[in-house]
Amino acid sequence: MNCKKLISFCFLVFTTICSYADDGYRLWLKYDLIKDAGKREAYARSAQFIAVSGNSPVLKAASDELKNGLQGLLGKSVPVLANAGNRTGGIILAVTNTGLPTLNAEGYQIKSQSNNIVISGKTESAVLYGAFALLRQLQTLQPMANLALTSSPKVRYRMLNHWDNPNATIERGYAGESLWKWYELPERLDPRYRDYARANASLGINATVVNNVNASSRFLTTEYLHKVAALAGVFRQYGIRVYLSIYFPAPKTIGGLKTADPLDPEVRKWWADKTKEIYSLIPDFGGFLVKANSEGEPGPQDYGRNHADGANMLAEALKPYDGIVLWRAFVYKADPKADRFKAALEEFGDLDGKFDKKVIVQVKNGPIDFQPREPFSPLFGKMPKTPLAVEFQITQEYLGFATHMVYEAPLFKECLESDTYAKGKGTTVAKVVDGSAFGYELTAMAGVANTGSDRNWTGHPMAQANWYAFGRLAWDHTLSSEAIANEWVTMTLTTEPKAVKPITDMMLKSRDIYVNYNTPMGLSRPWTGVHFAPEPWQNRSPRPDWTAVYYHRADSVGIGFDRTAKGSDALSQYAPAVQQQWNNPETCPLPYLLWFHHVAWTKKLSTGRSLWDELCTHFYTGADSVIWMQKQWNQVKNEIDPETYTNVAARLQTQHKEAIWWRDAWVLYLQEYARQPIPASYKKPDRTLDDVKKLVDVYLMR
Ligand code: BDP
């Protein structure tokens, strides 16, 4: 064997090993060799060099990524030049203001021009996003000739919120420990930080809040700020700015003051000084995220002040800098007579217009708490003078942790496409959030991260798709769930169309399947605890809204929470056109029915079935559909990396087992109230309610 042959043989062996030992670390940035040699050659003709003028860290990141990506995809080394000169057939990266009238600061253009492909944008980050977009074209086997792609992000702050604690645990994290190794920082920089930043930049995510909203004041100490600064140093190269969640009473806990009253001059000075210190260490610091007067976290109300007083104090401290405040609207009180659904608007509605220009109010997608299906939060559309960000949860707190496969893009889209009717038909949540409805100057979308120290980042290999989908939608909320799934599968799992299709199908249906066996027809289960298996019987807790019965309200007559004028009247928080679509139990869409109505077990529904039979149908078809998912997955066995295949197959087995358990938990419990048989077409659970209760107890045991 001559030397050339030996090299190509080794290369083949190497790529084969790589593609058959996939631990998921590379996420969607795999850059495996494109199998079709013809396609590879065609691509290679347009990628003979990369030209980049300037040597800034961000542009270097862009050209490194292209070089590395092309090396993998095309199997050849592509030189990086300082300028293209007269050469053609290459890729040129250019930061420019000319010829890009429709792009915003971070938007990119990819254009075939004089036999080159020019990736341009007005900022270095824009060019970096363009480089990733071009790689995505190749990874998804799209043509590379006659390119004319332009894309601008629709919101300005596209953020991940990490709920990571100083002791490396992650609140609601299901993929290991925190990615941030606080005890090693700032001296040692885990190489993983860079790969994290690459993955985010590939989606256009430009902001990361590195610590839990239930924040420790430790992060504001000088010692920890140095650690955070070290992370910021890595992320900066990828256009990502670092933010911190703050503990509102920090002036007391670490500042030695007697109060944290936001109107106290000394407190205000403390924050101004602290902010100055932060910017001296992190010049591009992004700002503060705040959970205050929420679930026991202290806040301005402890001093008789309101949310705007608290947020504006921080905004004042940030005034000299390019930083913002994200103030969360996740608030609710332990009032037995109140409806938690209404709490956020009750507390924030009157404050519209009272927040400083640097403040964004961050609102969870639904009024309760990241349930598998919720109506959109009534705040959207009700605060025209206050920029509202939407907060989604990527980590699967209520979606089966890391064992249930739930592709979340349809959940995100359902909220984004909901019509608030705030300015007439078509005022969707997306238009509120992207600023087009009310002209918000600041726009943001946040996702509670699902990453952790597991080698594959997200525990469940398919959960990577949720990180991916969040990022893609934060960039462009008009993308379809299907298009995003297709991209992700092709980049991550297989380029084989006959496998891409069944996997995409399964992903698209997975959220409805989960809702069916977990919380169908408008049920919810946000009570306190581990948030894993349903415990609909749970009725004891220090506060009523931390019980299960508070939410489902099952009794001998029926089930569901009456939120009409006869009940809590939460519906009146929506625009009249929205109320109209949900107000009447006869016409309220079934997926939302029990969110708004207490319905009799015997009530005949539009499906022709009684409520009880309909609920059973949902629970049973939901659990049975997991078998369908397993079959879909089996079909693609030969097209998927064996390690990933086995991993997902095993998790689907667990999912099926738990789906039956969760179905049984609900059905057996509700049957005690409904006093009706399980429809004859379904097999009765082969356990008793007590058996299921014990099963849950095991999970709660110390
Ligand atoms: C709930 C979580 C809790 C979070 C809280 C929040 O159970 O751990 O701290 O949301 O968003 O869903 O603040």
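For all residues, glycine too, the Cβ spot is worked out from N, Cα and C.
As annotated by TrEMBL, signal peptide applies to 1-21. Taken from TrEMBL, the feature domain 'Alpha glucuronidase N-terminal' covers 27-134. Marked as domain 'Glycosyl hydrolase family 67 catalytic' by TrEMBL: 138-457. According to TrEMBL, the active site, proton donor annotation covers E295. Annotation source TrEMBL lists active site, proton acceptor at D369, E397. Taken from TrEMBL, the feature domain 'Glycosyl hydrolase family 67 C-terminal' covers 458-681.
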- Message: Please report the distance from the Cα of E397 (active site, proton acceptor) to the Cα of the residue listed as 'active site, proton donor', rounded to the nearest angstrom.
- Response: 17
- Overall pLDDT of the domain 'Glycosyl hydrolase family 67 C-terminal' (458-681), taken as the mean: 97
- Query: Near the Cβ of the residue listed as 'active site, proton donor', how many other Cβ atoms are there if near means within 10 Å?
  - Reply: 13
- Return one of helix, strand or coil for E397 (active site, proton acceptor), based on DSSP. coil
- Query: How many whole Å apart are the CA atoms of the residue listed as 'active site, proton donor' and D369 (active site, proton acceptor)?
  - Reply: 12
- Query: Looking only at the domain 'Alpha glucuronidase N-terminal' (27-134), what are its DSSP counts of helix, strand and coil residues?
  - Reply: 38 helix, 22 strand, 48 coil
- Residues near D369 (active site, proton acceptor) by Cβ (under 8 Å) yet at least 6 apart in sequence within the same chain, in sequence order, are F330, Y398, P526
